[in-house]
Amino acid sequence: MGSVSDAEKKPAVIFVLGGPGSGKGTQCANVVEHFGYTHLSAGDLLRAEIKSGSENGTMIQNMIKEGKIVPSEVTIKLLQKAMQESGNDKFLIDGFPRNEENRAAFEAVTKIEPAFVLFFNCPEEEMEKRILSRNQGREDDNIETIRKRFNVFLESSLPVVEYYDSKGKVRKVDAAKSVEEVFEAVKAIFTPKEEKVAV
């Protein structure tokens, strides 16, 4: 292999998946702080694009208004742009791919396969409890909506987790524990084996 092969230049991408209330956001912030990754949230990028008032943003907004799913390519282009602009080469991509089609499109468009998938496994009861306790005033956080969001996650995102699991690329974390305990488990995943031995 040449010293500067394409494989070496490709950024390291980690997909972060977990249902609503599984604590993904909190743990991503911890990984950014401790391990120098750049955290990219597909939802945040779409919202920022809408806010920018660009033609693309208006198109995204109209699709969301009509209850349509934003095409994978649109989200992937925003992710690619954010990756290029960040100047970093290690990324946590949060809340994407949401389904099999997203996953296949991401690999086809970017030619990047994730290093692994960080999956926050959390029982529905625990997620419900967390979401209801953190947002007592929010409209979209009533129990029916939470269950709907959870079911959508199960139906569309779990096949993605299963696909990567079949390739040995899923790192499951028990997300029902306390924030500190969950981060200990996450840290162990991100710490290279040699460092663990040295400690």
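We number each residue from 1, going along the chain as drawn.
Cβ from N, Cα, C; glycine included.
All annotation found in TrEMBL is predicted automatically rather than curated by experts.
Features reported for this protein in TrEMBL:
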- Gly21, Ser22, Gly23, Lys24, Gly25, Thr26, Arg134, Lys177: ATP binding site (BINDING)
- Arg47, Lys68, Ile69, Val70, Gly95, Phe96, Pro97, Arg98, Arg138, Arg149: ribonucleoside 5'-phosphate binding site (BINDING)
- Asn102: CMP binding site (BINDING)
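Features as recorded by TrEMBL, highlighted on the structure.
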residue : record                                   : Cβ contacts under 8 Å, 6 or more apart
Gly21   : ATP binding site                         : Cys122, Glu126, Met127, Glu128, Arg130, Ile131, Arg134, Ile146
Ser22   : ATP binding site                         : Phe120, Asn121, Cys122, Met127, Ala175
Gly25   : ATP binding site                         : Ser41, Asp94
Thr26   : ATP binding site                         : Val179
Arg47   : ribonucleoside 5'-phosphate binding site : none
Ile69   : ribonucleoside 5'-phosphate binding site : Met63
Gly95   : ribonucleoside 5'-phosphate binding site : Val16, Leu17, Lys24, Ser41, Ala42, Gly43
Pro97   : ribonucleoside 5'-phosphate binding site : Phe15, Ser72, Arg103, Ala105, Phe106, Ser157, Val160
Asn102  : CMP binding site                         : Ser72, Thr75, Phe96, Val160
Lys177  : ATP binding site                         : Ala185
For the binding-site residues Lys24, Arg134, the one whose C-beta sees the most other C-beta atoms within 10 angstroms: Lys24
Cα-Cα distance, maximum over Gly21, Ser22, Gly23, Lys24, Gly25, Thr26, Arg134, Lys177, record's ATP binders, Å: 16
Sequence-distant neighbours of Gly23 (ATP binding site) in its chain (C-beta under 8 A, six or more apart): Phe120, Cys122, Arg130, Ala175, Val179, Val182
